[in-house]
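Listed in TrEMBL for this protein:
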DOMAIN    59-343  domain 'G-protein coupled receptors family 1 profile'
TRANSMEM  40-65  transmembrane segment
TRANSMEM  86-112  transmembrane segment
TRANSMEM  118-141  transmembrane segment
TRANSMEM  162-183  transmembrane segment
TRANSMEM  231-251  transmembrane segment
TRANSMEM  272-292  transmembrane segment
TRANSMEM  327-346  transmembrane segment
Amino acid sequence: MEEPPVEAWCFDLLLFYRSLGDDDPQAKKMLAELEAYERFSFVVNGLITCLLVSFGLIGNALFVYQLHNKSNHFSRRLAKHLTALCIWDIALLCCCLCSYGIICMCLGILPFVGVTAYLLYLFQPFASFCVTGTIWQVLAITIERHKAVSRPLEQRTRKGQFSLRSIFSCIVFGAFALNFLAVPFERALIDCYEFRSNGFEVRTMIVQRELVNNQYYAILSHLIPDLIFRAPTPIVIIAILTVRTLQIASAQRTVGHQQIIPQRQRALGRNVHLMLTFFSIKFIICNTLYLFNTILMEVMGYGGKTSSQQTELEMEQYISSLYLTDFSNMLLAIHSATNWLIFYKWPECKEKKVKRFATSLTLSASSRADWLRGSAPIDSTSAEQALNKFRELKK
């Protein structure tokens, strides 16, 4: 038999278990579980992801257009922060679409060979880069809102604020260093072979390096940075500052019983604080599973071994890790696709305005009718008596 041109075999679990036939009961069981996951992946990673990406891209584009053309609901500085947040969400949704959305719609299970290997090598770190950027962007918004409420006079001066360009640059460079610098040490693109009827075909496959399986490296390079820079530390800071901002804003609205902030300004500020509060809660819910999955897989090594010589327990852990990863990715996609709904200013319904106008006309007409019904004409005798009394008083 001809020797393979390279050492590595192109990893394909479905093909491996199908090649074992029906004689091996363990292989038959694993094949059934993989085929069930293939259907699940088509729905979640393929269909739902593509729908979420379409919805999120359209919504974020509409919100950015509203921020810069038709809305005075937010200050100019906050509008720029929200624009940056939309850019992070759009970038993350594009990563989801390019790295697994379209591929799972076509193939079901995400392969690790061919063009997909290059896409995963590029877009998976870029997706983590976008998640980190989103977290820090929300943290920057929350800090600025807190300072604007607690120190309003200082924040109105240029010296009391960092430039937006500096903030955005720090977020981009920090997120890049956190997510991209370790990629060459953790992943590699290697040549692998596939069996063909006329021999072998050499393709490209993405694999993890041995360094990733080192628990000390996983703790130092993933767990500790995630706890400090992704969750829960930034989330706790966001929650504390949001609650503190609401308390300060509530205390500043009144002095005794006298309102000192105009009604419209007070309503807008309160709405922004509530929006950011709801956004923080939504962010915590959608990112908790991602953090749990990171700890379980990268630190504890759950489901990390992917070879054709796995034991039954390791194979079950690997399939379970696929489900966990897909659910966490879906929650991140939901979060990025729906953030704009929190801040978008929906137009008032015209029918409500028409009904309000018709109601006012009806009330005014009924009040006039009541006034006319309450007034009675004066008879001639009463008018003559009133005129005589007026003449006597005039004399």
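Backbone N, Cα and C define each Cβ position, glycine as well.
Note that TrEMBL annotation is computational and uncurated.
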Top partner of the transmembrane segment (86-112) among 40-65, 118-141, 162-183, 231-251, 327-346 - counted as Cβ pairs under 8 Å: 40-65
Recorded stretch, among 118-141, 162-183, 231-251, maximising Cβ pairs under 8 Å relative to the transmembrane segment (327-346): 118-141
